[in-house]
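A.B. asks: Sending over a structure as structure tokens; questions will come in a sec.
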Amino acid sequence: MRILLAEPRGFCAGVDRAIAIVLKALEKFGPPIYVRHEIVHNRWVVEHLRNQGAVFVHELDEIPDGAVAIYSAHGVSKAVQAEGERRPLHILDATCPLVDKVHREAERLDHDHYQVLLIGHAGHPEVEGTMGQLQQARMKLISHPDDVAQLRLSNPQKVAYITQTTLSVDETRAMVAQLKARFPTIKEPAKEDICYATQNRQNAVKALAQASDLILVLGAPNSSNSNRLREVAEQHGCRAFLIENAKDVEIQWLEGVETLGITAGASAPEILVEELLAHLHAEQHQVELLSVTKEYLAFPLPLELRE
């Protein structure tokens with residue numbers, strides 16, 4: 001069997017930074033360090049950090065006064081920020097800088113009196129954080145093409161859209177086309193909000209799909225970008241499965257497969273790829289790299305955690 005490894009795959013710069021913030025905080029302040037929500041959507045990462053002293057909570061009211069508290073890479077609402085400032089907590093913000101860029105964009109649009117539309121998945125932590133940057137009526141969520149037709153805006157001439165950073169590039173493009181058809185003067189982001197890593201990993205999967213009989217995507221079931229990778233593979237004509245680790249692979253999937261493509265979501269560590277290759281006895285197969293681009297971006301840590 002031929003095995004194709006997508007490049008790029010796995011951790012993006014925002015995930016690298018978020019995990020490093022937790023590790024540096026543990027090193028500097030000692031455990032326990034509290035993290036609001038999963039720092040990134042990956043069970044292996046969460047358990048690895050939990051074993052080192054990180055405590056994951058749903059809300060800030062679960063954190064004792066005086067503790068170190070970290071916001072996850074997905075970002076938080078203004079209300080959560082205000083609660084963190086009100087409480088005697090030592091706050092560290094691991095929000096991805098590209099998510100933070102979308103937050104600032106929403107604020108600027110609101111300041112300029114635009115009705116803001118957010119294209120994203122309802123219930124996702126990033127969407128909840130972005131929606132929470134403005135008062136409720138000032139931002140509307142578009143999760144499905146049908147939502148566009150149902151929009152009722154007080155001033156259709158003064159409308160702008162932003163997007164969740166981890167969406168399918170192709171599906172978002174189609175939804176944007178619908179918005180433009182309904183609101184010809186709609187204001188677009190100065191630069192596309194879907195992050196570089198999401199786009200790069202989807203492009204790599206498109207290339208994998210052309211060359212593979214089956215694609216395995218390593219990632220968590222609640223990871224938006226990992227789910228999109230599986231969907232992109234299927235939309236480009238290739239069978240695909242989202243798996244959390246090598247144990248999820250079912251032997252019948254591999255029957256008749258001559259070329260297997262492997263990739264990993266932006267929150268999936270490379271060790272999971274290595275374990276999958278070992279599980280497949282990769283040394284007995286032809287393993288190749290399928291590269292569509294290289295990534296060199298890195299985000300700095302908060303000042304107090306820099307060495």
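In case you wondered, yes, glycine gets a Cβ from its N, Cα and C as well.
Not my notes, these are from Swiss-Prot:
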ACT_SITE  Glu126  active site, proton donor
BINDING   Cys12, Cys96, Cys195  [4Fe-4S] cluster binding site
BINDING   His41, His74, His124, Ser223, Ser224, Asn225, Ser267  dimethylallyl diphosphate binding site
BINDING   His41, His74, His124, Thr165, Ser223, Ser224, Asn225, Ser267  (2E)-4-hydroxy-3-methylbut-2-enyl diphosphate binding site
BINDING   His41, His74, His124, Ser223, Ser224, Asn225, Ser267  isopentenyl diphosphate binding site
A.B. asks: How big is the Cα-to-Cα gap, in Å, between His41 (dimethylallyl diphosphate binding site) and Glu126 (active site, proton donor)?
C.D. replies: 11
A.B. asks: What is the set of residues, excluding His41, His74, His124, Ser223, Ser224, Asn225, Ser267, whose C-beta falls within 8 angstroms of the centroid of the C-beta atoms at the dimethylallyl diphosphate site?
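C.D. replies: The answer, listed by sequence position, is Val40, Pro125, Glu126, Thr166, Ala220, Asn222, Ser226, Gly265, Ala266.
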A.B. asks: At the level of the C-alpha atoms, what whole-angstrom distance separates Ser267 (dimethylallyl diphosphate binding site) and Cys12 ([4Fe-4S] cluster binding site)?
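C.D. replies: Ser267 (dimethylallyl diphosphate binding site) to Cys12 ([4Fe-4S] cluster binding site), Cα-Cα distance: 7 Å.
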A.B. asks: Have a look at the binding-site residues (His41, His74, His124) and report the one with the fewest Cβ neighbours inside 10 Å.
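C.D. replies: Checked His41, His74, His124; of these binding-site residues, fewest Cβ neighbours within 10 Å: His124.
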A.B. asks: Of all the binding-site residues given, namely Cys12, Cys96, Thr165, Cys195, which is spatially nearest to His124 (dimethylallyl diphosphate binding site) at the Cα level?
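C.D. replies: For His124 (dimethylallyl diphosphate binding site), the closest Cα among Cys12, Cys96, Thr165, Cys195 is found at Thr165.
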A.B. asks: Same-chain residues six or more away whose CB lies under 8 A from the CB of Asn225 (dimethylallyl diphosphate binding site)?
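C.D. replies: When sequence neighbours closer than 6 are ignored, Asn225 (dimethylallyl diphosphate binding site) has Thr166, Ala197, Thr198, Arg201, Gly219, Gly265, Ala266, Ser267 within Cβ distance under 8 Å.
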A.B. asks: Would you list, in sequence order, the residues of this chain other than Cys12, Cys96, Cys195 that have their CB within 8 A of the centroid of the site's CB atoms, where the site is the one recorded for [4Fe-4S] cluster?
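C.D. replies: Checked against the 8 Å cutoff, the neighbours are Ala13, Gly14, Val15, Ala73, Pro97, Leu98, Val99, Thr165, Thr166, Tyr196, Ala197, Thr198, Ala266.
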A.B. asks: Counting other Cβ atoms within 10 Å of each Cβ, which of the binding-site residues Thr165, Ser224, Ser267 scores lowest?
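C.D. replies: With the binding-site residues Thr165, Ser224, Ser267, fewest surrounding Cβ atoms within 10 Å: Ser224.
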A.B. asks: List the Cα distance (Å, whole number) between Cys195 ([4Fe-4S] cluster binding site) and Thr165 ((2E)-4-hydroxy-3-methylbut-2-enyl diphosphate binding site).
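C.D. replies: Counting only the Cα atoms, the answer is 5 Å.
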A.B. asks: Return the member of Cys12, His74, Ser223, Ser224 nearest to the residue listed as 'active site, proton donor' in space, with distance defined Cα to Cα and candidates limited to these binding-site residues.
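C.D. replies: So, of the listed binding-site residues, the one sitting closest to the residue listed as 'active site, proton donor' is His74.
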A.B. asks: Roughly how many Å lie between the Cα atoms of Ser224 (dimethylallyl diphosphate binding site) and Thr165 ((2E)-4-hydroxy-3-methylbut-2-enyl diphosphate binding site), rounded to a whole value?
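C.D. replies: Cα-Cα, rounded: 10 Å.
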A.B. asks: Applying a 10 Å Cβ distance cut-off over all chains shown, what neighbour count does Ser223 (dimethylallyl diphosphate binding site) have?
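C.D. replies: Around Ser223 (dimethylallyl diphosphate binding site), other Cβ atoms within 10 Å: 25.
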